[in-house]
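Everything below concerns the one structure shown next.
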């Protein structure tokens, strides 16, 4: 990768603007998962240790652009950073006209999505952000697939634009999977809809040895094969696509195992009783909400045989304990494996957190859409502009 790293640049005394992905879940003003914050801390600390005056940008949630909403404020994130860094930390609401920050200080700016023009990569906004710094550091892998003012535009206009350590680690981990993976490769792709992961599924069948579909995606494959799935979530418009993927997989030598037994309920609720059933016994009023014990054993065996594992999405409704056994078993099997494993996506990260497996997965990606687009073989806009800018950067 032709990228200039933050560590290649002398940051001492410079105004360093870092775009991080600090989009964490917040409930009643409290951060409920600090995974992304923990991932970003080393980059911020490194810049401060280098004697830089550091300014951090991030989005949080999906506010109406240009409109302030307290529930989407980054103030709780600034409080968190204040407690976890041995440097002065200030929260700045109005920053587009300039930020007064000294070397060895951190200024956390309010949600970039409160600025009109952020999503459309408005040139005027991008230039205002670029004027805040001497060096722009793109470290937010989770937003690298978006050509927005704080990810792409600012990198165009900043005096110097470089890649942060977290972004580099993300790209290197994905590169290990995409460029030189050790076989056999097993991918677990769960979630509600085939439509949201259609490109990924097509890409993976030409790349992996085993592709395990889960959740609503698996239901669509089952329906396409003529199985009774009752009132389970599936996509009727994509049955032909599912059949095409199964044919393509056979041509490419990729195995797509489907559940032989499932866990069903009558309603989608936390109090709904769960019943194990073989696939042939699913009733017209059943809702498939997890994989059954026989399928769990089969999938765990496949995972244990892998040398490379890609995990994106749960195989059941793990938010409800009675339908969480499949996702939990898959997660533990990946954690116990000696294979190189990479996990990404919001629900996947939530499962890793829930089962306390953060230290046992080889690499946990902070990205959702960016993670998927990388696996699909797409070029990320924010990475592309950094590569372009790298051609004109003088390093130490």
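Cβ atoms here come from the backbone N, Cα and C positions, even for glycine.
Residues 21, 22, 23, 36, 59, 60, 61, 62, 146 are recorded by Swiss-Prot as substrate binders, and the candidate that the same record lists for that site, out of 90, 113, 169, 243, is 113. For the ATP site, Swiss-Prot records 197, 345, 346, 347, 348, and the single candidate of 172, 319, 336 listed with them is 319.
A Cβ within 8 Å of the Cβ centre of 21, 22, 23, 36, 59, 60, 61, 62, 113, 146, the residues given for substrate, is found for these other residues of the same chain: 58, 111, 142, 143. Between the CA atoms of residue 346 (ATP binding site) and residue 23 (substrate binding site) there is a gap of 11 Å. Looking only at the binding-site residues 21, 23, 113, the one with its C-alpha closest to residue 347 (ATP binding site) is 23.
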